[in-house]
Amino acid sequence: MAAAKPGELMGICSSYQAVMPHFVCLADEFPQPVRPAKLSKGKGRLRRPRQSRFKTQPVTFDEIQEVEEEGVSPMEEEKAKKSFLQSLECLRRSTQSLSLQREQLSSCKLRNSLDSSDSDSAL
């Protein structure tokens, strides 16, 4: 009996060209996917130059003004202004009440800390 190489005893193929019998069944169990002959759609197409994608039409200042002036009635403008002022007032009140709550909380904490220090000194 010929001496086997250490790698062959463990079932490891020592030569890249030799195929061990137990590896043949793996090829049947897990076949390699067949590659398509064509390239996929995304890679086969020629791309447009990106520079043209970012170009825009020139716009004059007069055109912008016309767009802003169209369709805005004075009544809608007044409603928007009133709504904006109302939301500002609501925001002001909420921040004011929050600051009052903070002041009350900090004064309450200060009072409690002073009370506890007084009781400690009384002992």
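Using the three backbone atoms N, Cα and C, a Cβ is placed for every residue, glycine included.
For T56, the entry in Swiss-Prot reads phosphothreonine. Residues or ranges marked as phosphoserine in Swiss-Prot (evidence: similarity to another entry): S73, S87, S97, S113, S119.
Annotated features, which come from Swiss-Prot, shown on the structure.
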residue	record	contacts (Cβ under 8 Å, 6+ apart)
T56	phosphothreonine	none
S73	phosphoserine	none
S87	phosphoserine	none
S97	phosphoserine	none
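Secondary structure from DSSP puts S97 (phosphoserine) in a helix.
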